[in-house]
Amino acid sequence: MEPRNQTSASQFILLGLSEKPEQETLLFSLFFCMYLVMVVGNLLIILAISIDSHLHTPMYFFLANLSLVDFCLATNTIPKMLVSLQTGSKAISYPCCLIQMYFFHFFGIVDSVIIAMMAYDRFVAICHPLHYAKIMSLRLCRLLVGALWAFSCFISLTHILLMARLVFCGSHEVPHYFCDLTPILRLSCTDTSVNRIFILIVAGMVIATPFVCILASYARILVAIMKVPSAGGRKKAFSTCSSHLSVVALFYGTTIGVYLCPSSVLTTVKEKASAVMYTAVTPMLNPFIYSLRNRDLKGALRKLVNRKITSSS
């Protein structure tokens, strides 16, 4: 092998979702609309919860954090893809690739664990209602989320430091629309076993473990709901949990497939389709899922919109 090829990459070429030029206009229009809906929906949720003092509770504190993280996760990947689709410029410098990779995993880890925290919050509210205020205090929730952000920062930085030591030779074309660990690792001509082992360890900690905790929480919730004597009480409890279960299915259904399935099973098409789900579709749908069946949140959103209309008139 020639010495000149044994160097770190100066840039990568992100091939995007499709290599067919005739599809780029359609993809741009679709993802631009999805991104716009995501931005408006999540910012409205954050503003409504911040302004309405009745929503200053642990459940809505977690929801506001989830909306913020969803906004950041999508913003880290979608705008770059839109620029590539519009201009045809698919190149991304190596430092920018590492930065995008860092923030993708930073926000992805926070997203995953916050969803588990929300499940535990529902478990305490339904199974231990008399002790809810003591167990789930806002101060404790703030400490948990702060610790989570610090933990996510450390894990994401470790990923980047392990990636920065690799050497890339041959093709620098990435069959993806953003810089993720697995597609970039495939381009390295050095040993990536440490990186892959760390990915599995982290996936176990921040995907598999929260998912098991969610299943355990909802198993206990289901048992508690079945003991409720009135049909109205059971319906209210199911309604409280159904929106969160929809988010769990959307998020973990795709991330488990990408980070915990054997690489031999995961094709490039499946990998990109799964990435679209958790970087674009889920962040766009979450505001609708959480607000459609939540009267308190819908009321806060109406107040916010009416306030804006009144102030502008």
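Cβ atoms are placed via backbone N, Cα and C, with glycine included.
Over in Swiss-Prot, the protein carries these features:
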type	residues	note
DISULFID	C97-C189	disulfide bond
CARBOHYD	N5	N-linked glycosylation site
TOPO_DOM	1-25	topological domain 'Extracellular'
TOPO_DOM	50-57	topological domain 'Cytoplasmic'
TOPO_DOM	80-100	topological domain 'Extracellular'
TOPO_DOM	121-139	topological domain 'Cytoplasmic'
TOPO_DOM	159-196	topological domain 'Extracellular'
TOPO_DOM	220-236	topological domain 'Cytoplasmic'
TOPO_DOM	260-272	topological domain 'Extracellular'
TOPO_DOM	293-313	topological domain 'Cytoplasmic'
TRANSMEM	26-49	transmembrane segment
TRANSMEM	58-79	transmembrane segment
TRANSMEM	101-120	transmembrane segment
TRANSMEM	140-158	transmembrane segment
TRANSMEM	197-219	transmembrane segment
TRANSMEM	237-259	transmembrane segment
TRANSMEM	273-292	transmembrane segment
Secondary structure tally of the topological domain 'Extracellular' (80-100) (DSSP, helix then strand then coil): 15 helix, 3 strand, 3 coil
Least surrounded among the disulfide-bonded residues, given as C97, C189, when other CB atoms within 10 Å are counted: C189
Selected stretch (most C-beta pairs under 8 A with the transmembrane segment (273-292)) from 26-49, 101-120, 140-158, 197-219: 26-49
Beyond the flanks of the transmembrane segment (140-158) by at least 6 residues, Cβ under 8 Å: 58, 61-62, 65, 102-103, 105-107, 109-110, 113-114, 117, 198, 202, 206
Stretch in 26-49, 101-120, 237-259 most in contact with the transmembrane segment (197-219), if contact is a CB pair under 8 A: 101-120
Long-range neighbours of the topological domain 'Cytoplasmic' (50-57), counting only residues six or more past its ends (CB under 8 A): 64, 138, 296-297, 300, 303-304
Reported mean pLDDT - the topological domain 'Cytoplasmic' (220-236): 79
Same-chain residues at least 6 beyond the ends of the topological domain 'Cytoplasmic' (220-236) whose Cβ lies under 8 Å from its Cβ atoms: 122-123, 126-127
Per DSSP, three-state class assigned to C189 (disulfide bond): coil
